[in-house]
Amino acid sequence: MDSVTVSNKLSQTNSLNNHNKLPTAAANNNCNGWIGSPMTSAPNPKAKIVYGTAGYVLEDVPHFTDYLPDLPTYPNPLADNPAYSVVKQYFVHVDDSVPQKVVVHKDNERGVHFRRAGPRQKVYFESDEVKAAIVTCGGLCPGLNTVIRELVCSLHHMYGVKKVLGIEGGYRGFYARNTINLTPKSVNDIHKRGGTILGTSRGGHDTNKIVDSIQDRGINQVYIIGGDGTQRGAAAIFEEVRRRGLKVAVVGIPKTIDNDIPVIDKSFGFDTAVEEAQRAINAAHVEAESVENGIGVVKLMGRYSGFIAMYATLASRDVDCCLIPESPFYLEGPGGLFEYTEKRLKENGHMVIVIAEGAGQELMSEKIQSMSKQDASGNKLLQDVGLWISQEIKDHFAREKTMAITLKYIDPTYMIRAIPSNASDNVYCTLLAQSAIHGAMAGYTGYTSGLVNGRQTYIPFYRINESRNHVVITDRMWARLLSSTNQPSFLGDKSHNEDNTEEEEEEPLDQLVDGNFSDDTLVKKEISSI
Ligand SMILES: Nc1ncnc2c1ncn2[C@@H]1O[C@H](COP(=O)(O)OP(=O)(O)OP(=O)(O)O)[C@@H](O)[C@H]1O
Ligand SMILES: O=P(O)(O)OC[C@H]1O[C@](O)(CO)[C@@H](O)[C@@H]1O
Ligand SMILES: [Mg+2]
């Protein structure tokens with residue numbers, strides 16, 4: 001990098017530190033903060049941004065030395081580990097970063113990058129000084145136990161950490177429950193089980209009580225596994241830890257079966273969920289095929305994002321219609337679901353519909369009095385769209401008397417969520433957990449460990465928390481689905497598509513073409529403005 005500008009006071013301190021001499025060139029360019037920047041302002045007040053040449057932007061993560069300047073460092077014990085010491089260039093270079101966007105044109109600026117995850121030559125903890133804690137929050141997801149297992153085993157085997165505590169029952173467990181000791185032996189085969197051995201919960205996040213508990217118990221590394229709500233809670237914990245000046249690494253590991261966390265390629269457990277959904281779709285297909293005018297309806301998870309439904313549909317090829325929250329649909333009239341259902345039954349004699357739980361909520365509310373209830377975390381409680389649509393289809397055919405149908409409704413949602421992770425998710429969970437640990441040992445904090453363009457990275461909390469990933473229906477992936485099912489696009493009825501206008505005007509992203517699911521419009525705007 002030839003020229004680098006660091007914005008934000010945190011970076012100012014950081015850039016002067018050895019461990020993180022961000023840019024070799026930073027020193028050459030007297031990078032002591034607040035110098036003229038190619039961008040007028042940082043995208044977020046909490047952002048720690050480093051600018052390089054040709055429009056390079058590093059959205060960096062906090063480091064202990066940002067607020068505890070004189071901490072001692074130690075050689076990384078991995079240098080003497082027989083398994084790792086033979087690996088060429090095992091330690092990650094301080095300047096390594098991963099681009100958020102990999103499809104570029106020749107005149108594009110380099111754009112946003114995240115710090116590459118991995119072991120550093122120097123660490124900020126001695127092995128016997130570390131007291132780690134692990135907590136799981138929010139809904140279940142395949143792979144939770146695999147992440148717990150790998151955190152415990154890698155802390156132990158890689159960094160010689162013996163003190164690892166499990167916090168039971170989610171965030172409230174910090175102040176309302178006893179902790180349990182976790183050892184490589186006690187977690188040895190938990191990855192073969194679904195759920196989380198620590199238990200989980202919604203609600204109960206009390207930042208002060210949690211940080212009091214962290215302080216009282218002498219915990220100095222906290223690994224927080226959970227979805228969007230959990231990561232917001234982790235950010236609040238980090239801010240309080242920093243305010244109190246504690247040497248405590250606060251690390252998030254993103255979890256959500258819905259795959260709606262932005263920036264990252266995909267969340268762990270998602271592959272497993274898509275694979276398991278095939279069993280339900282197969283069953284629906286077998287049932288539908290076995291009778292005259294059979295219809296199989298399968299509901300899959302996806303509160304705000306229809307990724308599981310979209311990928312399960314694409315994988316199966318037995319699905320005739322996939323309905324997701326991002327693509328409003330309608331029932332009656334030309335181009336509607338009833339018309340298409342009749343057509344498919346006439347052509348094929350049977351039909352399979354996959355519906356994401358968050359789809360059609362507005363449509364239902366028009367007919368059913370909306371309950372608008374929330375769970376303990378403030379998430380909207382959804383009405384059962386699978387039951388509703390099944391009844392609507394049955395009523396339609398009973399009313400119209402065009403043909404007699406047999407409809408079977410399958411709701412496999414909690415069965416899918418409760419299974420252990422598959423082989424590919426197990427490997428993914430392992431890498432996520434190890435990356436999370438390497439960062440904490442190297443003194444980084446206030447970050448989520450995540451896969452970006454196939455590389456493990458450290459992503460600042462605010463980036464994970466500022467938006468939600470969702471299926472872009474003007475994107476090629478959704479077009480692939482439409483052409484595989486031949487379902488209507490439901491774009492004919494303008495009245496049902498008003499909500500989507502803004503999204504349709506957005507320039508489509510190359511979703512998944514380059515392995516990147518992120519459709520974050522904020523990211524898009526930043527990239528185009530750099
Ligand atoms: N804005 C927030 N600030 C602090 N804590 C939060 C916030 N939102 C949620 N939490 C806490 O995070 C925990 C998990 O939140 P939530 O139930 O929304 O699940 P999640 O992490 O989003 O996972 P998922 O939606 O995938 O099941 C709860 O204990 C909740 O109190
Ligand atoms: O029944 P629970 O535990 O509230 O979880 C249901 C929600 O959790 C998720 O699996 C993850 O957010 C959603 O798909 C679903 O709406
Ligand atoms: Mg959530």
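Including glycine, each Cβ sits where the backbone N, Cα and C put it.
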Of the candidates E168, E357, E362, E466, the one that TrEMBL places in the substrate site of T256, I257, D258, M301, G302, R303, Y414, M415, I416, R417: E357
Annotated companion of R202, G203, G227, D228, G229, T230 at the ATP site, TrEMBL, chosen from G139, G143, G160, G294: G139
Which one, from the recorded positions G229, G302, has the smallest tally of other C-beta atoms lying within 10 Å of its C-beta? G229
Within 10 Å of each Cβ, count the other Cβ atoms and name the one among the binding-site residues D258, E357 with the highest count. D258
Sort G302 (substrate binding site) into helix, strand or coil using the DSSP assignment. coil
How many neighbouring Cβ atoms, not counting its own, are there within 10 Å of the Cβ of M415 (substrate binding site)? 14
Whole-number Å value for how far T256 (substrate binding site) lies from G229 (site 'Important for substrate specificity') (Cα to Cα): 10
Tally every other Cβ atom lying within 10 Å of the Cβ atom of R417 (substrate binding site). 19
Which residues in the same chain, at least 6 apart in sequence, have a Cβ under 8 Å from the Cβ of T256 (substrate binding site)? G138, G139, C141, G227, D228, S267, G269
